[in-house]
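Report on the following structure.
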Amino acid sequence: MIKDSSVQVEGQEKVCLDQWVAHYRTYAAKGRSASYIPALGEINVSQLGICIVKPDGTMIKSGDWEIPFTLQSISKVIGFIAACLSRGISYVLERVDVEPTGDAFNSIIRLEIHKPGKPFNPMINAGAITIASLLPGTSVQEKLESIYVLIEKMIEKRPAINEIVFQSEWETAHRNRALAYYLKENGFLESDVEETLEVYLKQCSIEINTEDIALIGLILAHDGYHPIRKEQVLPKEVARLTKALMLTCGMYNASGKFAAFIGLPAKSGVSGGIMTLVPSKSRKDLSFQDGCGIGIYGPAIDEYGNSLPGIMLLEHIAKEWDLSIF
């Protein structure tokens, strides 16, 4: 039974979130949609929503939290986990490194000048495309099934692809094709180029909402343990490695700034989503001391491809509630 004091605290948290979402929504006009993917260019960029999930299942939601959007680069987290589960961490890291890069997420430069062909990390396009080729199965559908099964295991519902977004990405994936063929030439891509691209772009086009990614964040916050179901759904080693990569590489080439000023493991996508998490804290006087998962949606993105109002909202929350892991 929830105590009255807990209800009161959660009510205060909801009031704060509503105020902060309303405030930072006004900054959406300073961002832009990811118009290089035509289907994303049509989205209303004034939207902003958030969902916070606590270990007891309590959810605090505000703004446009329920609006569906595509995972885009947040799917790189899922793909990496799925590959590690099926191939093992050591095998995966032979083909993708774990080093941050200051280049844009779709850059090809470092593939040519450092360890030719080996992607720096799985949170950039080159790394995620390589990961897509490592997924179990011999067909596009079989490889995607490992993604679907993993997501369903965590959020308890079967994901679906937004076919309009997928077709839009498929028709404009020229840079990703260049990356894939370069990776294939250097022996890091295990599957056919076009099939691998289809897997990658379809996983990016999976549709979710802030509640879904907040649940995934909650599981990662607890090292792969699902505190609501009281079940270990991911190996601890995989969850911890994933969080480390999110912290160092998850926010494109703004990852260092994000770690310095917000201080949480996170992964963003150009659709405007941000999946982040707060590990449990040793200081029990702090807000969310038992950890939580956070999902944010704000499709107005900045020059790095991250949600502009979403990052501003998250930075405010992290400061007000002292959420940084540092």
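Residue 1 is the first one shown; counting continues down the chain.
For all residues, glycine too, the Cβ spot is worked out from N, Cα and C.
Here's what Swiss-Prot has on this protein:
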BINDING   S73, N125, E169, N176, Y200, Y252, V270  substrate binding site
Quick one: what's DSSP say for V270 (substrate binding site), helix, strand or coil? coil
Highest Cβ count within 10 Å among the binding-site residues Y200, Y252: which residue is it? Y200
Drop a 10 Å sphere on every Cβ of the binding-site residues S73, N176 and tell me which sphere holds the fewest other Cβ atoms. N176
